[in-house]
Amino acid sequence: MLYHENFDVIVVGGGHAGTEAALASARTGQKTLLLTHNIDTLGQMSCNPAIGGIGKGHLVKEVDAMGGLMAEAIDHAGIQFRTLNASKGPAVRATRAQADRALYKAYVRNALENAPNLTLFQQSVDDLIVEQDRVVGVVTQMGLKFHAKAVVLTVGTFLGGKIHIGMESSSGGRAGDPPSIALADRLRELPFRVDRLKTGTPPRIDARTVDFSVLEAQHGDNPTPVFSFMGKREHHPRQIPCFITHTNEQTHEVIRNNLDRSPMYAGVIEGIGPRYCPSIEDKVMRFADKNSHQIFIEPEGLTTHELYPNGISTSLPFDVQVQIVRSMKGFENAHIVRPGYAIEYDFFDPRDLKQTYETKFISGLFFAGQINGTTGYEEAAAQGLMAGLNASLYSQGKEGWSPRRDQAYMGVLIDDLSTMGTKEPYRMFTSRAEYRLLLREDNADLRLTEKARELGLIDDVRWARFNEKIENMETERQRLKSTWVNPNSAGIDELNKLLKTPMAREASGEDLLRRPEISYSQLTQLDAFAPALEDQQAAEQVEIQVKYDGYIKRQQEEIEKSLRHEHTKLPADLDYKDVKGLSNEVVAKLSEAKPESIGIASRISGITPAAISILLVHLKKHGLLKKGEEE
């Protein structure tokens, strides 16, 4: 049966990737349909109740800078906020927040239900409608057909999902939800490379059965950081602490004695798990010299007694889970509310994607989230926003867009995935970016909001606030540049107290701010340079831009050099066997990867600078280099 309406874009899945994809498409004015197997699970946090962290917080800020929802949602649902690496440089500082699951999910659902151009419908998708290597719609579980110009799949861990607790396994997309078997089978018929990954989650604990008096409390920052560039502290709900406990030798002994009952160690699970979020049994075996591991006890919300023990993800049998939990300090009488489990699922090799998240084999079909081999809510949200945007552009017959590696962590993410692929769940870190000093949390809006406005993602309110911030920054920098003091100026003694060496010559406010020992807030407390900006975001930018000016300029020069041939297009029908001078290995790798540009080709494993030079000579010889690329 054919549904009575056609759509521009269909998004399949209502998790963190799906919600951002649907909202991005709808914000750009496209008629969008979000299909989910259960409307009640929209925006659900399937694993840990937290958003952000090193690298991840950067992605959230970028999603926010492009009009996405995640930062706004966590500002309204966060019950503990912290700035990680606060004592380090601005490039690696990151925001992290504990979430109230119920508040977060409710905020996301409300945003989806009230978004113009967006329709929600509850049905699982079993099939794609493909005509001449182009997707034109989907078929649901009950045979209902929906037609659209573009389809975004954000199916999480549901494709062929299998849940493991001990040696028992069952089909499932996550605990309590059915898997997508028919869709997984259908996708395996298409020419994509497919493999299996696994992830896991810890048992949940009833807080009323825990002795908090023996645990170390971990409080959030005061004042609390804010995630969204439009956020305010008054949006935050009541703040509460987390707690810390540790595993011990007794815990480790329980695990070692029961490894024969672990599906991972017994060879039942084939999928590779996340390197940076290993199960407790994996940690005990891999780090055999450690007799203790730190476990963070995270509240799941303000209106529930459930606790999330971050650090003991496991697929061991339930009776062993009870022993593990009760071996830890403060948990001697703990009651498990939900058992931990591992889940195995299909993912598709992201090297089969273009940089727009469109698949190379099926036009108009986009993948985002764990289907691409990533792990984490933040990575999913970033992919979802970009896939939804590009599906919208595709449906309008416009050229797709994705940021470069030097423009955003979102650019690093898709570039890593589409050029190198992944054999294990991919997680974002600041160390993955070459230009970290430029890709800071604090300047995500300066990097991306203008482009997002051009693409139709930014509303008038956010645009006005962005321009106000830019104006405040420019005015303040000009004020500091043009305000001078000398050794004889009034109040100079107060200034000298802040300096390592007293002033010997005339200096501007900007000259003084470059000194490492003086901060913007200290400088603007002095009569000569008062008052400070009321706009704290603008003030932070002024300080960072002045203090790191030399380093920032150096990185920008490096980027300009590297960009010379970054966007030089490689014809889709180029036969690399016809390019004289390329080795058989290089020909094979380029033929398989089908890179869209010289920049992408240069980052494929095994492609040498010499091979890139040969390609450029070939392009020039055949008149395929644009003016300005030949120098």
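Backbone N, Cα and C atoms are what each Cβ position is placed from, and that goes for glycine too.
Remember, it's a predicted structure, so these values are computed and weren't measured experimentally.
From the candidate list GLN370, GLN396, GLN407, the residue Swiss-Prot records in the FAD site shared with GLY13, GLY14, GLY15, HIS16, ALA17, GLY18, VAL125, SER180 is GLN370. GLN370 (FAD binding site) and SER279 (NAD(+) binding site) are 18 Å apart (CA-CA, integer value). Once Cβ contacts within 10 Å are tallied over all protein chains shown, the binding-site residues ALA17, VAL125, CYS277, MET285 are led by ALA17. The two recorded residues, GLY273 (NAD(+) binding site) and ALA17 (FAD binding site), show a Cα separation of 20 Å. Note: GLY15 (FAD binding site) has non-local neighbours GLY43, GLN44, SER46, THR154, GLY156, GLY369, ALA380, i.e. same-chain residues 6+ apart with C-beta under 8 A of its own C-beta. Of all Cβ atoms in the shown protein chains, 30 besides its own fall within 10 Å of the Cβ of GLN370 (FAD binding site). Neighbour density around each Cβ, counted as other Cβ atoms within 10 Å, peaks among the binding-site residues ARG275, LYS283 at LYS283. DSSP assigns MET285 (NAD(+) binding site) to a helix. With GLN370 (FAD binding site) as the anchor, the candidate binding-site residues are CYS277, LYS283, MET285, PHE287, and the one with the nearest CA is CYS277.
PHE287 (NAD(+) binding site): 12 other CB atoms within 10 A of its CB, across all protein chains.
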